[in-house]
Amino acid sequence: MSFDLAARLAARRADNLYRQRPLLESPQGPQVVVDGQPLLAFCNNDYLGLANHPQVIEAWRAGASKWGVGGGASHLVIGHSGPHHELEEALADLTGRPRALLFTTGYMANLGAVTALVGQGDTVLEDRLNHASLLDAGLLSGARFNRYLHNDADSLAKRLEKATGNTLVVTDGVFSMDGDLADLPALARETKAKGAWLMVDDAHGFGPLGANGGGIVEHFGLSQEDVPVLVGTLGKAFGTAGAFVAGSEELIESLIQFARPYIYTTSQPPALACATLKSLELLRSEHWRREHLQTLIRQFRHGAEQIGLELMDSFTPIQPILIGDAGRAVRLSQMLRERGLMVTAIRPPTVPAGSARLRVTLTAAHSEAQVQLLLEGLADCFAQLKSEPSHA
């Protein structure tokens with residue numbers, strides 16, 4: 001029997017779920033060139049506008065001149081360089097924890113943390129809307145795996161009653177497709193009451209949230225005791241690439257010993273760590289970036305509500321517009337693109353069937369005038385979409 005890949009691809013096309021890669025032909029930012037077309041983009045996650053910051057670029061350039069362009073080996077062989085170590089110490093300071101550990105990607109950080117902490121005989125409990133990397137990590141861990149209702153501490157409590165072995169509760173901090181925040185105080189309360197551990201992937205919270213950009217844990221004023229395992233990514237608000245896990249001395253040493261995605265891969269380029277050190281400095285010192293971003297979020301939500309768009313409960317840079325039908329979401333995205341606006345349509349299986357949406361992401365690099373252009377485009381295109389047959 002052969003693999004019938006053509007049939008699988010044809011079925012995905014027929015369901016309006018076929019994915020294609022746009023080709024970016026310019027630096028990342030609000031104004032981009034995609035597939036040869038100049039566009040105003042509202043779909044990247046460079047939340048604080050640091051990816052093209054001159055000081056970050058210069059830090060990378062200087063780092064490459066001093067350290068070269070490759071990690072050269074895994075961290076446990078000879079790939080753990082001075083910039084890596086300095087960045088780990090800076091991330092530990094940002095999170096207020098004793099240690100932090102660098103990973104090459106957010107996916108690897110989540111997979112490494114979960115599989116190092118639980119296995120056969122243990123339990124993993126996850127929010128139904130967690131990122132795919134967290135769900136994959138839970139399934140691959142070998143532990144008993146179950147999902148609780150979205151952001152529902154009571155649903156979690158019922159599953160905690162049936163948990164066996166070491167129990168790890170895992171949640172996104174900011175949910176990437178809805179933009180809402182995990183109810184960390186309630187989740188931490190239920191988790192601690194049962195002697196379990198809470199792990200938070202705050203990929204979208206670091207930078208935009210917290211008085212100093214420390215993310216959702218800082219936002220809620222929680223401690224390491226509340227959230228023993230804290231994950232962050234560096235490819236979003238930090239504007240670079242990579243990820244980290246922050247926590248106790250024992251946690252980080254355990255990950256060094258047992259996290260296979262950490263052990264068996266080459267370290268990130270030291271120059272990348274140099275760039276991230278500079279972006280971290282800017283993230284913590286340039287508070288105007290968070291303030292400007294919040295101004296844009298308020299502007300967008302007010303304008304979208306006036307148009308009659310169905311928004312979700314989010315005060316983060318992620319602002320989904322619920323459409324429902326995947327075909328209509330794709331059509332609206334295409335209409336906006338014809339007007340020079342790039343907003344991505346998100347469809348199943350990334351989101352549940354019947355909940356296709358446009359996912360607007362705002363950044364500190366956007367201006368109020370650019371957000372107004374988006375709102376005007378949405379008003380015109382949404383009115384046109386409503387006048388078209390539902391099968392369009």
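The backbone N, Cα and C atoms fix where each Cβ goes, glycine too.
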Per Swiss-Prot, member of Ser74, Ser81, Ser176 binding pyridoxal 5'-phosphate alongside Gly106, Tyr107, His204, Thr233: Ser176
Number of Cβ atoms other than its own within 10 Å, given for His204 (pyridoxal 5'-phosphate binding site): 28
C-beta crowding around His131 (substrate binding site), within 10 angstroms: 22
Of Thr233, Thr350 (the binding-site residues), the residue whose Cβ has the fewest other Cβ atoms within 10 Å: Thr350
Rounded inter-Cα distance in Å - Thr233 (pyridoxal 5'-phosphate binding site), Thr350 (substrate binding site): 20
Entry from the recorded positions list Arg19, Lys236 having the most other CB atoms no farther than 10 A: Lys236
